[in-house]
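Feature annotations, reproduced from TrEMBL:
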type	residues	note
REGION	1-27	region 'Disordered'
TRANSMEM	35-55	transmembrane segment
DOMAIN	37-432	domain 'Major facilitator superfamily (MFS) profile'
TRANSMEM	75-95	transmembrane segment
TRANSMEM	102-121	transmembrane segment
TRANSMEM	127-157	transmembrane segment
TRANSMEM	164-185	transmembrane segment
TRANSMEM	197-217	transmembrane segment
TRANSMEM	238-264	transmembrane segment
TRANSMEM	270-293	transmembrane segment
TRANSMEM	305-327	transmembrane segment
TRANSMEM	333-359	transmembrane segment
TRANSMEM	371-390	transmembrane segment
TRANSMEM	410-429	transmembrane segment
REGION	435-458	region 'Disordered'
COMPBIAS	435-445	compositional bias 'Polar residues'
Amino acid sequence: MGSREAEGADSEQAAEDSTPGALGGESRGLTREQLFTMAATASINFSSMICYSILGPFFPSEAEKKGASNTIVGLIFGCFALVNFLSSLILGNYITHIGAKFMFLAGMFVSGCVTILFGILDKVPSGPVFIGLCFLVRAMDAVGFAAAMTASFSIVAKAFPNNIATVLGSLEIFTGLGLVLGPPLGGFLYQSFGYEVPFITVGCVVLVLVPVNMCVLSKYDSVPSKDSFWKLILLPKVLLLCLTIFSLSACLGFLDPTMSLFILKMFKLPAGYVGLVFLGLALSYSLSSPLLGLLSDKLPYLRKWLLVSGGLMTALCFFMLGPAPVLHIESQLWMFVLVLVLVGFSLGMSAIPVFPEILQCAYENGFEEGLSLLGLVSGLFNAMWSLGAFAGPTLGGFLNEKLGFEWASAIQGGWALLSGLATGIFYITEATKRSSSSSLQNPPGTNEERTHLMSSES
């Protein structure tokens with residue numbers, strides 16, 4: 001019997017070592033298919049973030065020349081997010097019907113084409129025509145972005161079921177690289193060659209990646225499930241995690257239409273150098289994400305602490321970003337960059353654990369495992385992120401115009417403060433209920449009485 005148990009344990013250990021989700025210390029378990037999957041999803045993270053962030057250093061000032069107010073610029077950024085929100089909800093629900101690989105490639109193709117189209121908008125007349133076409137092209141880009149990112153999250157979770165946070169954290173390096181390279185690359189190309197070249201260059205790079213990913217990415221099929229978004233989102237814990245996603249995205253989206261204008265006005269930097277200031281946030285986020293992902297997978301109980309402390313730290317950073325006028329501290333460039341570095345780290349603390357937490361909550365509430373559920377979670381994540389990315393620039397642009405950047409950033413941090421406090425209260429309440437339930441099921445003295453009875457019988 002002992003030898004059979006040992007053989008069974010050895011076979012179980014061997015099965016665990018060959019699990020497709022193995023990563024990091026178990027890198028020998030990575031298959032060729034998984035390596036290609038990581039390469040393909042890394043390419044969409046990198047390219048999509050460049051397309052998204054390249055606008056930051058120069059588009060707000062360019063749009064103002066074309067007759068768009070600060071509020072309108074915020075709405076243009078927000079339009080992308082609102083359409084992305086609606087598209088993610090729809091596409092996440094139908095990923096098994098459309099096919100994850102086809103959705104991934106189609107989304108990249110659309111995103112590359114409309115990025116090039118955005119580069120010729122400076123040729124159209126100023127005023128309503130320019131503004132209207134900006135909204136239209138950004139809406140088309142949002143559909144492509146939603147398709148590619150929803151499929152990307154689903155494919156990664158399917159290929160690495162046991163190390164989702166670790167892989168997502170590792171892939172955030174490429175998200176950070178896109179955020180890092182986008183603003184300085186856009187600012188340099190704009191300053192050197194004009195408005196068109198940044199968009200045409202980036203759009204062509206995305207289009208070149210489409211046939212490459214067509215060859216390397218495997219096909220992922222699944223049986224459709226009866227589970228729905230409503231069943232998932234109405235879970236109390238999932239609702240709070242959605243608030244976390246929304247608040248982080250709103251804070252990050254607030255910076256898109258406002259930060260470059262504040263830097264130009266306050267620190268008198270040329271457009272080519274404005275993008276370098278963005279490096280503080282992007283580098284800290286991309287470098288900390290792999291470690292935070294590894295912690296989330298290896299020590300799941302730390303996720304709740306990361307979520308709570310990340311939200312509170314983000315709120316504090318946005319209060320200091322201006323800084324808020326009530327502090328009576330003069331804004332300085334070194335302090336501004338330092339706060340951006342802390343913002344990047346705090347965003348990673350909250351953003352990385354969210355996806356596995358939602359997935360774990362779904363499993364605990366009876367959702368069927370498979371690509372269908374992964375599509376629902378991916379779509380929900382992207383939808384909430386997009387909703388925050390709509391509210392952040394829209395509200396931020398309005399507050400920036402009425403109150404100034406210092407007060408606007410402090411108010412914007414209220415989203416993160418709300419999510420951090422709400423999540424903390426939920427986890428404390430949950431722990432209290434579990435403790436009470438455990439004490440009722442195992443009353444004090446029960447074990448002592450059993451021990452006493454057994455000793456008496458003997």
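Just so you know, glycine gets a Cβ as well, placed from its N, Cα and C.
No curator has checked TrEMBL annotations; they are predicted automatically.
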Taking contact to mean three or more C-beta pairs under 8 angstroms, with sequence separation of 6 or more, is the transmembrane segment (238-264) in contact with the transmembrane segment (164-185)? no
Cβ-based contact of the transmembrane segment (410-429) with the transmembrane segment (35-55), 3 or more pairs under 8 Å: no
Please average pLDDT over the domain 'Major facilitator superfamily (MFS) profile' (37-432) for the predicted structure. 81
